[in-house]
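As annotated by Swiss-Prot, L-serine binding site applies to THR226, SER227, GLU228, GLU280, THR379, with the evidence given as sequence analysis. Residues or ranges marked as ATP binding site by Swiss-Prot: ARG257, ARG258, GLU259, VAL273, GLU344, LEU345, THR346, SER347.
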Amino acid sequence: MIDLRLLRENPDIVRASQRARGEDPALVDALLAADTARRSAVSAADNLRAEQKAASKLVGKASPDERPALLQRAKDLAEQVKAAEAAQAEAEQAFTAAHMAISNVIFEGVPAGGEDDFVVLDTVGEPRAIENPKDHLELGESLGLIDMERGAKVSGSRFYFLTGAGALLQLGLLQLATQVAVQNGFTLMIPPVLVRPEVMRGTGFLGAHADEVYRLEADDMYLVGTSEVPLAGYHADEILDLSAGPRRYAGWSSCFRREAGSYGKDTRGIIRVHQFDKVEGFIYCKPEDAEAEHQRLLGWQREMLAAIEVPYRVIDVAAGDLGSSAARKYDCEAWVPTQQTYRELTSTSNCTTFQARRLSTRYRDDNGKPQIAATLNGTLATTRWLVAILENHQQPDGSVRVPAALVPYVRTEVLEP
């Protein structure tokens, strides 16, 4: 949720953010009205409760002649208090709904627009000239790394088996990511992949894209699309000690996405699938430290991309493609030879206080006063990276060179048919 002080003091900033995202700025006015109505309802209920309390005291001191009228007055006030509290509850509910409807306020400089309106910040490496490149699925099948046919037989479309060296390659990639994370002060976590609705809602994943999330209706639980979700809920309703600096966690988990809005997109191979594995960095920090932590997350992602030796670029994601929780997001996109374009491998988002406010995650400032923490997240490795590794390191004979950093995990320098 956004900061109400910002809303009240400078609603135009929030309206501008909504417009840049392609979202309705009228929601800002609806929230302002709901905020006013809520505060009015709270004040009315408080005043009536005070009046009721005073009337009750008068009853105890009243003479026999005065008592009947005062008792009637107390009874009337009790009914009014009951009605006022119901009105307050209704106003609170309307306010919460209006508050939850507004996305995080973007940072100044974030490009306006949608998916195609990003700004390229940096390009690293030169794509290698490959004559008649094979795509990752053709390579994966010929090398015995990927089995889409049996994945579909067992589970349906967009499912797959990673087999033999393919499984070793993914495990090696994820282990390398955990090594980078631990060396940089992250605590490694293997979190649950089923979460309660309040945690999924608190992280912002039950808004406009709720249809992307798998729900187990019988248990009212959700399968996570990223370990960002359980890691964000890890410190819900807590006051953290951040006096020694940010708390950094790296979550290794399977992830699940319905890809409901992706019909017809990336139907071949493992670029867009329903289940994959990922190591996700997640950080709790003071708001004033968040931008520096964001750059650090991006730096660790660059370190991982350098390790797999693929050309990539860094983009500043446009406001309409951020997701509701992020105030700024950087994507690292790797070159995919068969598509002659760059495809997303990592994202890192600065969610400022948006998620922590929803989940009531706080820290104590220098004066001991509780304040809302900031949260950030960023991919350190995921299954999709196999696409970039296989395609960029393919050889004319159909083999694939294993990046040096992954050789100890795969136990070979070349994957051969």
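Note: Cβ is positioned from N, Cα and C throughout, glycine not excepted.
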May I ask for the distance between THR379 (L-serine binding site) and GLU259 (ATP binding site), taken between their Cα atoms and rounded to an integer number of Å?
19
Mind checking which of VAL273, LEU345 has the fewest other CB atoms within 10 A of its CB? They're the binding-site residues.
VAL273
Taking the centroid of the Cβ atoms of THR226, SER227, GLU228, GLU280, THR379 (L-serine site), which other same-chain residues have Cβ within 8 Å of it?
VAL229, LEU231, GLY251, SER253, CYS255, LYS278, VAL279, GLY281, PHE282, ASN377, GLY378
Could you round the CA separation between ARG258 (ATP binding site) and THR226 (L-serine binding site) to a whole angstrom and send it over?
13
DSSP says LEU345 (ATP binding site), in three-state terms, is strand
Can you grab the distance from THR226 (L-serine binding site) over to ARG257 (ATP binding site)? Cα atoms, rounded to a whole Å.
9
List of residues, in chain order, with Cβ under 8 A from that of SER227 (L-serine binding site) and at least 6 apart:
MET189, PRO191, VAL193, GLY251, TRP252, SER253, CYS255, LYS278, GLU280, PHE282
Helix, strand or coil: which one is VAL273 (ATP binding site) in, per DSSP?
coil
Cα-Cα, whole number of Å: GLU344 (ATP binding site) versus GLU228 (L-serine binding site)?
18
At the level of the C-alpha atoms, what whole-angstrom distance separates VAL273 (ATP binding site) and GLU228 (L-serine binding site)?
18
Under a three-state reading of DSSP, tell me whether THR379 (L-serine binding site) is helix, strand or coil.
strand
Can you see whether DSSP assigns GLU228 (L-serine binding site) to helix, strand or coil?
helix
What same-chain residues, at least 6 away in sequence, bring their CB to under 8 Å of the CB of ARG257 (ATP binding site)?
GLU212, VAL213, TYR214, GLY225, VAL273, HIS274
The sparsest Cβ environment within 10 Å, among the binding-site residues GLU228, GLU280, GLU344, is found at GLU344
